[in-house]
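Residues or ranges marked as active site, for GATase activity in TrEMBL: 2. Sequence annotations record features per position, and here TrEMBL assigns L-glutamine binding site to 97. The ATP binding site feature in TrEMBL is assigned to 256, 288, 363, 364. Per TrEMBL, the feature domain 'Glutamine amidotransferase type-2' maps to 2-191. Taken from TrEMBL, the feature site 'Important for beta-aspartyl-AMP intermediate formation' covers 365.
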């Protein structure tokens, strides 16, 4: 996890422009560097480093003797870099996983390069020999990337939008900043004056397709066919492998543990893998909640079962409300459900950074989208519609859950790893017949639960614990976090403000006082940037007026049962 930043064709003083790059210093607290590009006085790279692999040669932009014309700045982890290095017999100059990008590019060009990378990444690659600039981002957008480009060819790229919004350019008093789309790469021509022209934008991978790098994977051979026992066996192999490859780090590993199905499976499998790898330190797990939180009780039960060194972080409503401003600044969004869920994750990340030496943090993100875990999937009109919705959610992860997970941890210099979004695991899961993946017997994620039924990885009642939204589980059923927020905001936003909301915010007009309050904070930090969020996250197929699962009839029925 690092912060990357680059400018091409800047017409303002670079030393002034570089101040913008300091806005993402939290992403790399270990070191930073700015470097001008030889022969281009108006082009430069900026890099903030979190040293996770190769403490000695890990600074960026990465340049190696063999390719003096290549410059690489990337944020991410390439889990198969050693396998590819051995397979193609590349001569490495460093131990940095990203060096593989330079070798693959030299061997087969940009399309083959991005398709071969098993991991999460956002990168800027400059080839001064062919005068080309390449941008790329992983399939689900686990690693963030934003860009701004003017009509006259000034290009600015950064891990977070906050590193771009204050940049100056003569032809664009208001620089249009937008997220770079996941699963895409872009090719740009570099002109002699340092400016660029876009040549093509290519979608190189769809989440349902088995990735090209599967050819070079040494995972156990999967069994063909869709017999239930075959499928369960394949899922266990792939999930195990997804966690094993993510152990790649020189820093201490920890795990977020809410006591829900997903984080519990990750924590239990991770602990098993660390023991097998003879890692000397105990696994630290982290749960957050208020008093009487359902998550805290469930997480404690899991931690006792697996034997982790467990940390419970307690917070009260006042502390949660107090951090809303910095949370929204970190997130760069005003989406209601994202803001609610981010408060707990932001506070637990702050605790981890301050009180422990765990830096690489595992979590269960992406499972709900992949395995149809949201409660509204019970209302899907058909397995095919549920499948469509699951893919839509995965496509939009970079706007919602993955955005939250990255920004709340990165704000405190932590690196998040998300095994459920592993390419092999997710593409296999999405290849299964639609009717295998839907909720069954009133239980969502039935297939995933059934897969681990006989493993004794986690307690049975946790394995079959119904879905609890993170922003709800951190509080008691008696007083949900979203109700606490709404009660507080009731006194901050009056009816007159709401009556004028459409005039003040014509795009994505907030329909509730809570939405209005978050939007106000967002506009204060990022005026005129509301289009970063294309739409609010809301459940489908039901007449929901609030994104909280606790407002749904299914949840109420389950709570009474």
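Each residue, glycine too, has its Cβ placed from N, Cα and C.
Annotated features taken from TrEMBL, shown on the structure.
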residue : record                                                        : Cβ within 10 Å
2       : active site, for GATase activity                              : 27
97      : L-glutamine binding site                                      : 24
256     : ATP binding site                                              : 27
288     : ATP binding site                                              : 27
363     : ATP binding site                                              : 24
364     : ATP binding site                                              : 24
365     : site 'Important for beta-aspartyl-AMP intermediate formation' : 28
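Cα separation, residue 256 (ATP binding site) to residue 97 (L-glutamine binding site), rounded: 25 Å. Counting only the Cα atoms, the space from residue 364 (ATP binding site) to residue 2 (active site, for GATase activity) is about 21 angstrom. Cα of the residue listed as 'active site, for GATase activity' to Cα of residue 363 (ATP binding site): a distance of 18 Å. Geometry remark: the residue listed as 'L-glutamine binding site' versus residue 288 (ATP binding site), CA distance 33 Å. Here the C-alpha separation of residue 288 (ATP binding site) and residue 365 (site 'Important for beta-aspartyl-AMP intermediate formation') works out to 16 Å.
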